[in-house]
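Annotated in Swiss-Prot:
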type     : residues                               : note
BINDING  : 22, 23, 24, 25, 26, 27, 28, 29, 30, 45 : ATP binding site
COMPBIAS : 480-490                                : compositional bias 'Polar residues'
COMPBIAS : 501-510                                : compositional bias 'Polar residues'
COMPBIAS : 511-520                                : compositional bias 'Low complexity'
MOD_RES  : 172                                    : phosphothreonine
MOD_RES  : 258                                    : phosphothreonine
MOD_RES  : 377                                    : phosphoserine
MOD_RES  : 491                                    : phosphoserine
REGION   : 478-520                                : region 'Disordered'
């Protein structure tokens, strides 16, 4: 359990220093946070334990949040981490800079039909994703739809919604009255998904009209309007949109549109990106994915047999089964999203810029990685050799490239934080070339010679990074820019997924405790020139010790 600390007069929780308040919700504040090591900005939602206890959800909230951390959808705010203190939960979430859809509509008025449809398609895709994984929002509103820098929608605040079970009715009345369905404000029983559909209808109306379909300062009058389901449809809305709105804002939940109905509506289907509702015909629910099972074991600290028992039980609400299907679905939707943007010329500033295609400063694509976007999409999927017309064609199967290093799908700043922790543990000395490139040395206690190597983090593909190990010989001088071309690479052990946390006392001092004051080239670092064979063995021993430390 973490403790709150003070950092330069500001509150620090874990590695995050809290800053200004972004908003205030039912259960507490949302503040901007900055990672102390990387400077990465996050949104930190502070949930007061006492307020949560009053709702009688403390017992299940941790388990629910564990699954919410697995949610990966391009239009849902990501939950990275949950930090607990005796008084609060701190939910560390993705930060987007565009603000709320509510503020955007207030400032600019109604949105053009094409843009409104694009945003609504993104919102419905996110809601469908959550419903398929047994989670309902129950408080959808423009204030909970955030916009990124490229005007893409991202839904926030799925954190406190109940896990939805078949046949289970939700009695809790929550949400804002203007967006709440008639059955919610009337205190009647409701199952869950249908109240989100109503709220989506209100959001669509707000996008197209710049106002709310049901609004009144007098709450009893507002409730009467909602129960009656009568709202004004402006003349500029075409008949197709009007029929969709009336179907979504149907008072009787049994007659209300479902997500399937909306997806089949002619207006909704126009210009619908394929990645929003991916279908993978190769996916067979009867085949168990071993990699997904292992990931569930890692996330929940359970055994493979426990996961298999959950899958064979046939209970779709089982937490391990939900997590397994989340992982499968995440892989499918991200693969299709990537293919969609590779197969067509992407719009300027697409969400892929924020997702897979964004390369932080100092982080380079791997030299042997195909460029992510090439003008002609069919060629973009060709092997590298097919693009090299000077290289003779071979009928033999091309061997996979091997690298001495570690591949990971963790965030680049998390990978580097783990590297700093391991190097400090091993008493390595290092110099920072840039945020993702280090020059490292270790003294051989027997010979007294220094062994040197370069650590460079590369972007390998849309989801993977390679921490490349390169030997630095006394005769090799790297460029001042810090760029290093990988030498002929050796085999890597396997996939390593760094832990999400780093010891704070270690991480806070990494930039000072291990840094070198001098250059890592020339005779400054070595009192004697090592023999080539000895240097190579020392280099491999250095690599092995670092890999072992990272695996702990």
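Including glycine, each Cβ sits where the backbone N, Cα and C put it.
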Rounded to the nearest Å - Cα separation of residue 258 (phosphothreonine) and residue 28 (ATP binding site): 33
All-chain count of other Cβ atoms within 10 Å of residue 28 (ATP binding site): 18
Residue with minimal Cβ packing [other Cβ atoms within 10 Å] among the binding-site residues 22, 24, 30: 24
Around the Cβ of residue 258 (phosphothreonine), the count of other Cβ atoms that are within 10 Å: 14
